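Each remark here refers to the structure printed beneath this line.
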Amino acid sequence: MDQKLSELVEELTTSGEPQLNPEKMKQLKKICKSSEEQLGHAYHLLMAQLSQEHAEIRLSAFQVLDQLFARSHQFRTLVVSNFQEFLELTLGTDHERPLPPPREVAQRLRQAATQAIRGWNEKYGAAYKKLALGFHFLKHSKQVDFQDVDARTVAERKRAEERQKRLDRIYKERSEWAAREMEEMSTEIRGCLTELESCFRLLLPFDLDLAPGAAWCPVPEKGDRDEEQPCCSKSLAACAHHPGAMDAGGPPSEDEDRDPDGFVRRHGLGSRQYTLDVELSSDSLRVRENEDNSAVIRAARDALRLIQNKLLPAACSWVQLFTRAGTYGGHLEGAIHLKAELEAALKRSRELDIVPEEGRSGETAAPGDEDEDEDDFVEVPEKEGYEACVPEHLRPECGEQRHGPGRGLEEGLAAPGSQARKRPGSDMEAFDPTSAAAQQQWPRPHGPPASPPSPRAPLAPEQAAWRAAEQARAPVVPFGVDLCYWGQEELMAGKILKCDSEHRFWKPCEVDAEVESASVSEALRSRRITFAGQFEPVQHRCRAPRPDGQLCARQDRLKCPFHGKIIPRDDAGRPLNAEDRAREQRQQLQRPAGRPDWQDPEFLRDVEAATGVDLGSSRPGGKGKGKRRKHSGLTDLKRQADTARARIAKKVFAKAAVQRVVTAMNQMDEKKHEKFANQFNYALN
């Protein structure tokens, strides 16, 4: 019976479920009813489970204890007799012994214990004095608020209050700053909205909301119609001048007011008893940009860009700050009103197809901008027949003196007097990049022109064939230090400055001392070439017997990854050497039954060393045979939290990843050593 009771308590408390199993709980109650001894044993088992450092075990144990507390007077007496320890294990009243993880389950345990103790006090407090004293101690000494749903302790409530006060102070400061900013920017917002509304009225001179059919164009009076009207627009007029234009779209006159029937007939209306709503499509409201309205559209786009990038985000942030603060009612209403007006302006701009986008195609440049661009850069056609450099045969005609590379001082003195005379200002012309003298100097090198290479004499056919054969047979090696110092008898050795004194400020003069190194000199004269040998294909096979009765056909050079070292075997797969046969017999005797060949510990260790993956060779049970968890339903406290940092660390610090990094760093060191091996300071270290 005791064994059955222990198993039931362990299964109930280590299941990890939020609710207890009703069937097992019924069996536990039945055993506890049998005798007081079993009830006391159950109490000690539950208190032992409450002492476990796992919040899920404590929560399940408390749920079992709560049900038994409500059914047995003897059990209530046992719990109340050790009530202080019970409070420490369920409520965490001792700050030196806090509730164990997981944190969420510990919070649920505290809430459940608080509600249960309050119910116990209301129901059994009069009969159990120690229970009433414990409730009074929690309420007045430990400051436990039994009305608090979260069942927080005094320290937790103080921390929450301090956090809330700090947030309120931050929100208040931000709200005051937002109120000052809104007062400063209100004028700018109103001005921007007024400017944008004026642009909309200039582009669309009627209001669609008030009178959908009131779009009329002002037409000149009849007396002025015959006169010529000045017009500077290159676009078509908005309203065509035709004989019926005055009657169809002109402003209402006094005759129409006196004759309402004529007004109805002229407009095609049957009567005045109904109204007509004209719906305009969005395509008909799009503003087309031309030369007349380009400046207005550009101003509207600038205002819309300002609203979209600065004013509307500021208004949204004001609304958010005032909403969080909750104490700036008037400012909140003003911010909401400004936000609504800005959003309405953006909506109307989208209806008119005026979008504040950068580099919009189709923008017509203003005339002033075109003039400025033309003033800055003027395209000049290139002069016909222009040559940047004067040819050699035309330089005497241009008055320039031609000096050959072999002419000396005598020839220069023997020149005619007209050419020997030096013109005034010729030195200044040489520095002027636009002068002919400077153009003569800059394309030519400072030294004498190099003579063209002399053509090589053609070789005889026999010599050419021999030379081609020798070139084909000669090895091609990359250029190195040995080729750089090829044929030099004396090499420049490295110099090291030696200073014998180590005083801080009194020093002797530095003396250059030449240190010769035999290894450096040898490296400068010779080259090390690695000879890998000639590839020889593998002719033999593994020929080890496989479980299916066939022989292994792998052609590895030294060692088979499945059967180990390759040894000579006969056609049946038996080793030819007696030592190999004896060794295989010993391995078969030592191999446990039921384990395949690929789980051999020696083979697994070789594979682990090659791949860097743990295959379980160090464990006694092989791969996947590690120690299993005793209670799989509980949360594993030793498991690392599944966070982004943990996942990245698992990938970065994996054994295979570390091995790859080590290999790459070793290769970098080898390349660096090969690159700087011929330098004396690296060679001497």
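Including glycine, each Cβ sits where the backbone N, Cα and C put it.
Remember, it's a predicted structure, so these values are computed and weren't measured experimentally.
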| task | With Cys552, Cys560, His563 listed by Swiss-Prot as binding Zn(2+), identify the candidate in Cys484, Cys542 belonging to that site. | result | Cys542
| request: Kindly point out the range from 91-118, 147-174, 231-258, 539-566 that Swiss-Prot annotates with zinc finger. | output: 539-566
| Overall pLDDT of the coiled coil (153-198), taken as the mean | 85
